[in-house]
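Take a look at the structure below.
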There are 2 protein chains.
Amino acid sequence: MAQSVLLTGAAGRVGDAILGDLAAEYEWRLMDRDPPTEDYPGEFVVADITDDDAVREAMDGIDAVIHLAGDPRKTAPWDSVLTNNIDGTQTIFEAAVDAGVEKFAFASSNHAVGHYETEDRTPDMYRADDDYLLDGTELPRPGNLYGVSKAAGESLGRYYHDEYGIAVVNVRIGNLTKGHPPIDYERGQAMWLSYRDCAHLFDRCVKADYDYEIVYGISDNDRKYYSLERAKDVLGYEPQDNSAHHD
Amino acid sequence: MAQSVLLTGAAGRVGDAILGDLAAEYEWRLMDRDPPTEDYPGEFVVADITDDDAVREAMDGIDAVIHLAGDPRKTAPWDSVLTNNIDGTQTIFEAAVDAGVEKFAFASSNHAVGHYETEDRTPDMYRADDDYLLDGTELPRPGNLYGVSKAAGESLGRYYHDEYGIAVVNVRIGNLTKGHPPIDYERGQAMWLSYRDCAHLFDRCVKADYDYEIVYGISDNDRKYYSLERAKDVLGYEPQDNSAHHD
């Protein structure tokens, strides 16, 4: 029987990529703050992730969570990320461990490490011949308050894993665009994530065995300053796309 | 002229240790949520750190901030640490950079890395002949939600330093006790911080030059699983006490 997966923020862009390829792969329970405006596979729950009762109800019978919900704007003000991204993520984790969920994939972000892109390193680090690589063992260096909120989500995951044993993977998502990589934007090409690689990566987050991981979510771009080693080795991620092949 | 230092959470235990030795060292502005019940050196501002207007007013003319305020309980519930520790710290940072404050010492905690104390490592790691050492470059592994909030404070500091240039030092405070180290408690002896070493360490946080640091705040105990290297090298910390000399 297919696993039951709760997808929060289902109506967003990452949810769109995931459901585009994996609609038939799982028994989906989809959650979003706004009512659906199109057809979705599986049950659709309209609820805010900070609504503890609604979240607990939605967690019933769930095997794995893909937690995408939150304010996605890199310019989001503090009050919004505090509530939607930090408090919301804690609500989801708490309900997940109480419900006995086994796996939890958290949509973290490149913005959690945005300030590694210092004046000294850029734009060289965005280029294929530069060997600077972040691999997920480095401390966060958020580029904005949105990034601070994503780093906090990763810490919450570390705590819930260590305390309760739930498997947690944080995917620091790069620049997700449909069809082709960003044009005339070196940084975006370096951290490009295609829709199909995105869907495949989150599929691996549900199927693979792991304890606690921080991986980078990008395609196999020639330009690259995020290591794919953990995603490949631990999750079995096999990206198909490369921004260099679309120039 | 003495530097002006804003001390938040002034009436707490860490504040007590700091003011006990450094009352005459700085021009103090003290802030606490509750009105003072004893005499304090300098101006005393009664305000909650989540009160943006009060915090901005208290920041006027300040050279350095020692930010201790927050819910100090390791069992503190999420709602409290979300508001008092995470949101409160963001309020202080935001006001500090707007006021042009140069240095910011943040009272982080051993609880930000509490889950490194795994069943496999304990109690060996608490003993003098064990060489396991955390040095501040490791990712957080919070032992509780209080620890999650302290890790979030460290990330906030990283962001405000990278974005605005304010010098930030995070002191992961161990087990602060007055007079003598904890008795019959190996873990507490390993992370003991004496009152005078505490005061001296925060004195160095105001006087030393640094960019962004994470240091451990413990005395020079024979038992030790936190490195003092960064505190000594970067801050010039010279601890006087050692829990082994008090057994």
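For all residues, glycine too, the Cβ spot is worked out from N, Cα and C.
Listed in sequence order, B:ASP71, B:PRO72, B:ARG73, B:LYS74, B:THR75, B:ALA76, B:VAL81, B:ASN85, B:SER109, B:HIS111 are the same-chain residues six or more apart from B:TYR146 (active site, proton acceptor) with CB atoms under 8 A from its CB. Per TrEMBL, the feature active site, proton acceptor maps to B:TYR146.
In sequence order, B:ILE49, B:THR50, B:ALA69, B:GLY70, B:ASP71, B:ALA76 are the residues near B:ASN84 (NAD(+) binding site), counting only same-chain partners six or more apart with C-beta under 8 A. Sequence annotations record features per position, and here TrEMBL assigns NAD(+) binding site to B:ASN84, B:SER109, B:TYR146, B:LYS150.
Annotation comment: TrEMBL describes B:5-176 as domain 'NAD-dependent epimerase/dehydratase'.
Cβ neighbour count within 10 Å across all protein chains ranks B:LYS150 highest among the binding-site residues B:SER109, B:LYS150.
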